[in-house]
Amino acid sequence: MATSVLANWHGHDYQARYFWIEASRLKNPQQDFVVEVSYEADGPKAFDDVITRYNPPRRSTGPDRIQADYYQIKFHVTQAASFGFEDLIDPAFIGAETFSILERLKQAKGTEPANSAFHLVTTDRIIDEDPLGEIISNVDGSIRLDKLFDGTTDRSRKGKVRKLWRQHLKLSTDQELEQVLSGFHIQQSQPTLEAMREKVNTCFQIIGLITCETSSDFRFDGAARALRSQERYRFTREQFTALCEEENWIRSEAPESFRNVALRSFSDGPLDIMDALPEHTLSLLSLFEGRFPSPGIEWNDVIKPQVETFLTGIRQTERKVRLYLNTHSSIAMLAGKCLGHKSGVEIELVQKGRMGDSIWSENESQDEPDAVIETETVGTGSDVAVVLSITRNALPKARAYILENQPDIGRIIHVTPANGHGQRSVKNGSHAVAIAEQVSDVVMDADLPVEASLHIFSAAPNAVNFYLGQHTDFLGTCVFYEFDFQRQRDGSYLPSFKV
């Protein structure tokens, strides 16, 4: 099969999977404000791949409520593609010949309701050092109008962006350009095609529909193609339920009723809003720049109280929680401490990974061997470090940091899965629980002095971090650490919470 044909198929399948994820909200009782989802229906050109409508309008990260989300979905087979601010005036960037994405945005803003949001969703990434990357919000992908319209002249770095876009759109003033760009979101580096398959499966599992886990052909891709051939593009809540019944997708047993709760210090893009209702979501995105807190924001003084207050409220009102943890490992551990064994809350975790999302619970069956645990003496201090090498070997970097910065640490307890570290080394929720319990037992046996601290360096799925956090009430004073993957600081570890 020609590569171009295969790429075209993959592009349609990617778009279809995005549609199914959005459509699953029509059967989610916690998202009853979602009233219609359409797929390549009549809508503003270039923003009609998927359209989601709300009544009442959904909340946004700003003061306005959103009546509809319009999506342009752009997929590439490889991750080699990248783009910058100049590409937004090139019709070829969206596979068109005449109109650019910005021209289509301007047209759409003139025909659609004022409180609409328009999204460019792409697997491509923004070119390093391109000015576009400096004006995209890490919170919701919107254009940071305060950053773009910064009072500089057209000869400045941001001014060149404004001038190019303004002239391309035949606008006279920056004020007119600002009106066009308001409500425009760019979501780069979106999940892979395979990860989107797992997201569909997870969304369908939550609402009580069958999934497609093992077949090489993903049945819902074919179902989307069939809908297009039948010219069935729009679905209300009633119509989507009827489709599920027609296709025999509804499971015989009703799904358990868990309250969706989301903690977020990283973003997956526009799909984030599906995780949980705003009142059950704590977004910490505005407190971070990359992997580390923004200037003036401290882990213990600012971030920790927000997490604790939010989860205390959840613990007081909910008994069954499905927890979405798109967070730093330290926040996942703190969440486990807040929702510990004595909280009385039954927890189901949505584990995020490179291959998509999956639901993990501590009640799953597992027969994995115990983790391999080795203890190394590195000094005479009374503190102990636990290094979790679950997804990668964290020991060399952790040991180097400890020897240079933490003379009070005398022993390192190193934990690796019996089958070796890697992205798939933890099989499910019960396996994660078993690892956390084993680590807790070893630390208890280490007999730390009362005045000593336990230092935790984790390269592990957040499920392991969460379950280990549930044990920290019994482990004395604990210090969590974050690794500088992006070399924002020194490419090593830095302490985060002390609990």
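Just so it is clear, glycine is given a Cβ too, placed from its N, Cα and C backbone atoms.
Look at Swiss-Prot and you will find ASP49, GLN72, LYS74 tagged as active site, backed by a curator's inference. Taken from Swiss-Prot, the feature Mg(2+) binding site covers ASP49, ILE73. Residues or ranges marked as region 'N-terminal endonuclease domain' in Swiss-Prot: 1-226. What Swiss-Prot records for 258-464 is region 'C-terminal SAVED domain', and it gives experimental evidence as the kind of evidence.
Here the features listed in Swiss-Prot are placed on the structure.
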| residue | record | CB count, 10 Å |
| --- | --- | --- |
| ASP49 | active site | 23 |
| GLN72 | active site | 23 |
| ILE73 | Mg(2+) binding site | 22 |
| LYS74 | active site | 24 |
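Note: the Cα of GLN72 (active site) and the Cα of ASP49 (active site) are spaced 6 Å from each other. Geometry remark: ILE73 (Mg(2+) binding site) versus ASP49 (active site), CA distance 6 Å. If you take the Cα of ASP49 (active site) and the Cα of LYS74 (active site), they are about 10 angstrom apart, rounded to a whole number.
DSSP assigns ASP49 (active site) to coil, not to a helix or a strand.
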